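Asker: Before anything else, here's the structure in question.
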């Protein structure tokens, strides 16, 4: 039987021969591996583009400044978006575990994210000052809750529809495709920023970004998902927070959560690299543009490589990637401390941000692939919800790292994070293989 063009493309992307790889899937799910692979790919590409166009570190910050929102409200949006989507997950995982088909929960979450980001655009058009700031924060809380629905469900659906040894590649190609779109979007945003774009440009950006989640929901609804394991009556009687006992009883899972907590250094370092650039080079707008482009190029260049490595050994991917981030941090601290000439060079910081982006991409792909491959059925949902809740709480606590800047140097914070990274590499390496 001759293959379709879609099947040929799938075989090429995954280096498959005549025999279809269906490791970890049921026979029914194996039949739909190819269409499901591309549906998930497109879905995640749209959501990643939407995330970039509504990024709290850039677009939302600029938007709130345009509407004259207080600085203390602007400082809330990053921890709310990052941790707010993680902390509620353990509370909703019991409900999700009762559903044989879970893609519709993801679809609902995606539609709610569309509403949330769209409302931010409406708020910016009709409100100003603190009123606008509080309303945007409220929309972002709503967005984060909707995002938590998608986060818990997504990894479970991938585990039921995409075979092992193909999940890392899927993530890699998603980052590659979305990265190209992000580069184009970033160039356009930089161009408009340099032409004194007003609030209307950023509100239109919000509206455009919101539709990414509608497109994603429509595609995701077509994924062929077969009924999976549901929780028993005995399990239903458990409180949601009783699942924290997994951290005590499941040694492998506990070690993964510890390692993942230490791997946060690659994400937490990024703002301090920006602060270094501002301190030693200046706050010119084109510098921010260069940093955005450097990070986007890093995703495009590195994602296929990390994806293939994660399919072979996701724990080694995490370990190698965080070592790169930590070595870079030590190098940058030494450089800016002892070389006044080099630390004032404009080119230094985009290059450093590029390398950090490559490292962080490996950390993300590695830990996402590891948690999906580590468990099956409802256990996977429990693992994702518990680990994300713990990481969300840790993110809130580490959000106070910015206060350290007033006590010690920026270089000191970066160096401290690198030490956590080296220990995280060791803990990741010691994890058992799950592929």
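All positions are counted from 1 along the displayed chain.
Using the three backbone atoms N, Cα and C, a Cβ is placed for every residue, glycine included.
The transmembrane segment feature in TrEMBL is assigned to 59-80, 104-126, 132-150, 170-191, 203-223, 253-274, 286-306, 318-338, 344-363, 383-401, 407-426.
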Asker: Would you call the transmembrane segment (407-426) and the transmembrane segment (104-126) in contact, using three or more Cβ pairs under 8 Å, pairs 6 or more apart in sequence?
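Answerer: No, the transmembrane segment (407-426) and the transmembrane segment (104-126) are not in contact.
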Asker: Do any residues of this chain, six or more beyond the ends of the transmembrane segment (253-274), have a C-beta under 8 angstroms from a C-beta of it, and if so which?
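Answerer: Those are 57, 246-247, 288, 291, 318, 321-322, 325-326, 329, 332, 349, 352-353, 356, 359-360, 363, 367, 370-371, 374, 383, 386-387, 390-391, 394-395, 398, 401-402, 405, 410, 413-414, 417-418, 420-421, 423-424, 427-428, 430-431, in sequence order.
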Asker: Quickly jot the same-chain residues contacting the transmembrane segment (344-363) by Cβ under 8 Å, restricted to those at least six beyond its ends, or write none.
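Answerer: Hits for the transmembrane segment (344-363): 175, 263, 266-267, 269-270, 273, 276-277, 280-281, 287, 290-291, 293-299, 301-303, 306, 309, 317-318, 320-322, 324-325, 328, 332, 335.
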Asker: Could you give the residue numbers and ranges of same-chain residues that sit at least 6 residues beyond the transmembrane segment (286-306) on either side and whose C-beta is under 8 angstroms from one of its C-beta atoms?
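Answerer: Residues packing against the transmembrane segment (286-306) from afar: 58, 168-169, 171-176, 178-180, 182-183, 186-187, 189-190, 193-194, 273-274, 277-278, 317, 321, 346, 349-351, 353-358, 361-362, 365-366.
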